[in-house]
Amino acid sequence: MAKFLRTSGRAGVRRYVDAAARLLIRAGVSANAVTITGTAIVAAASLTLLSQGRLLAGLVVVSLSVLTDMFDGAIARVKGTTSRFGALLDSVCDRLADGAIFASLAYFLLTEDRFAGAALALTALVSGQVVSYVKARAESLGIECNVGIAERPERLILGGLAVLAEVLGVPFALEAGMGLLAVLSSITVVQRVVHARAAFAASEEHVDA
């Protein structure tokens, strides 16, 4: 369902994103510049706002900056300059941004003596990074691995909702959100490992045949 909604949503907004990308191209902005700038803003907002408990301001800045994920790809697509290095840079920056967000939330929870929440935030961070690693490693071995219930967009949305609920005063909102993220990310890791194992087995049987 999440993938369906994401695909449907992309179809509706793509023309607007592409139009904005053309404006950025005319201004001389490259896809890699957008990727790096967006990541720098996310990291700065996480470290200076989220970690200090300024959750609403941090949520707004981080949410707006994460939108650069749409524009860097659109710029490369419109210009016809998609490259393997650009894809690598985008993946690296995604990992850095995620690390800054969840580490900052963990630090904030620690300063509030909410140790269980901090532990859950770190667990969500690590399990989320492993989700991405399993996909990257499987694909480097020739297996498509776009499966799982909690890919990066879902993880960011859930994290954002947890922060918003915390701002609205919902008790233990961050603990619940980080715990849910940790569980869903761990399930996704298992789903991807199982999928990759089945794909490897199928390819080996095909070779033997």
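Think of each number as a place in line: the chain as shown, counted from 1.
The backbone N, Cα and C atoms fix where each Cβ goes, glycine too.
Among the ranges 23-49, 104-130, 158-184, the one that TrEMBL lists as transmembrane segment is 23-49. Record note: TrEMBL gives Asp90, Asp94 as Mg(2+) 2-binding, and the candidate from Asp18, Asp69 in that site is Asp69. Sequence-distant neighbours of Asp69 (Mg(2+) 2 binding site): residues of the same chain at least 6 apart with a C-beta under 8 Å from its C-beta are Gly38, Asp90, Asp94. Sequence-distant neighbours of Asn32 (CDP-1,2-diacyl-sn-glycerol binding site) (same chain, 6+ residues apart, CB-CB distance under 8 A): Asp72, Gly86, Leu89. If one looks beyond the transmembrane segment (23-49) by at least 6 residues along the same chain, the residues whose Cβ comes under 8 Å of a Cβ in the stretch are 55, 57-58, 61-62, 65-69, 71-73, 75-76, 78-79, 81, 86, 89-90, 93-94, 96-97, 100-101, 103-104.
Applying an 8 A CB threshold to same-chain residues 6+ apart, the list for Gly73 (CDP-1,2-diacyl-sn-glycerol binding site) reads Ala31, Asp90. Neighbours of the CDP-1,2-diacyl-sn-glycerol site: apart from Asn32, Ala33, Val34, Thr35, Gly73, Arg77, Ser83, residues of the same chain with C-beta atoms within 8 angstroms of the site's C-beta centroid are Ser30, Ala31, Phe71, Asp72, Ile75, Ala76, Thr81, Gly86, Leu89, Asp90.
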